[in-house]
Amino acid sequence: MLLKWVDKNLKYVFTLPTIIFVLAMVVFPLLYTIRLSFYETSMSQNAPMVWVGLKNYTNMFTDSRFIMAVYRTLIFSGVALFFEVVIGVTIALFLNRNFLGKNIVKTAFLLPMVATPVAIGLVWTLIYEPTIGIMNVVLGNFGIPPQLWLGSPDTALMSLALVDIWQWTPMVMLITLAGISAIPEEPYESAMIDGATRWQTLSKITIPLLAPTIIVAIILRLIDVLKTFDIIYSTTQGGPGFASETLNILAYRQAFENFQFGQSSATLVVFFVFVLAVALAFIKIKSKVEVDF
């Protein structure tokens, strides 16, 4: 009897730890954040939570600082994602060929992805350092005056986007390489028989068949780049001023510098809904592309 029960319910026993983990680490924090967004809270232990309804949300959408944080988040994410996809796919197509030292080159490209974001932030802070940083040293060799890469509102955000591109382009490359290896040989053999050029093969066979894989890479990177925090915080902390303050940095400052936990929770709820909507949109696009091809 016991063995029969075990055999019938063993799958539930094995999935229970995962369910508990998801509930504890995802569902409960999300529900608590949503609840908190309707209250005003204080750091004082005895201070009660005050119900304010939609006040935190109305304040947020009329706050120019929030609007600019949304704008900077979109600009940072859009620039980083565009170049990561373009460069990553290009490198993957290059590495798909056989040449001497291919594995060494591939390993070298993957190194940025395995480093910790905080360490990368510190390294790039030194690279961007106005007086001894390698960026200004290189520019100085061409007679270009040194730049305040992270210290100027005009260049801070794009300098951080470059760091993200450098770190995460290898991920797009890796996903694309996996997609290329899954493409069957038959279309290429048919193209060769028909006398197709290399460009025609690339544009009519490789890229269309890679489209679902590239969309997967875009979805994964888009979700990740939108919530970038550690690179920005370890280099500029959202500065100078608010020049590199994205939504994640804004929510952090609201919670742990201004102690506006309700306002910070409202920011994160809206941010979560936005990221979810974008991800679902790309998943729908991916499904359509798979049907078309």
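Cβ coordinates are placed from backbone N, Cα and C, and glycine is handled just like the others.
Source: prediction; values computed, not measured.
Taken verbatim from TrEMBL:
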- 12-34: transmembrane segment (TRANSMEM)
- 69-95: transmembrane segment (TRANSMEM)
- 70-282: domain 'ABC transmembrane type-1' (DOMAIN)
- 107-127: transmembrane segment (TRANSMEM)
- 165-184: transmembrane segment (TRANSMEM)
- 205-223: transmembrane segment (TRANSMEM)
- 265-283: transmembrane segment (TRANSMEM)
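Taking every listed stretch (12-34, 69-95, 107-127, 265-283) in turn, the largest tally of C-beta pairs under 8 A with the transmembrane segment (165-184) is reached by 69-95. Count of Cβ pairs under 8 Å against the transmembrane segment (12-34): among 69-95, 107-127, 205-223, 265-283, the largest is for 265-283. Beyond the transmembrane segment (205-223), the same-chain residues lying 6 or more positions past its ends with a Cβ under 8 Å from any Cβ of the stretch are 77, 81, 84-85, 88-89, 93, 168, 171-172, 175-176, 178-180, 182-183, 187-188, 191, 275, 278-279, 282-283, 285-286, 289-290, 293.
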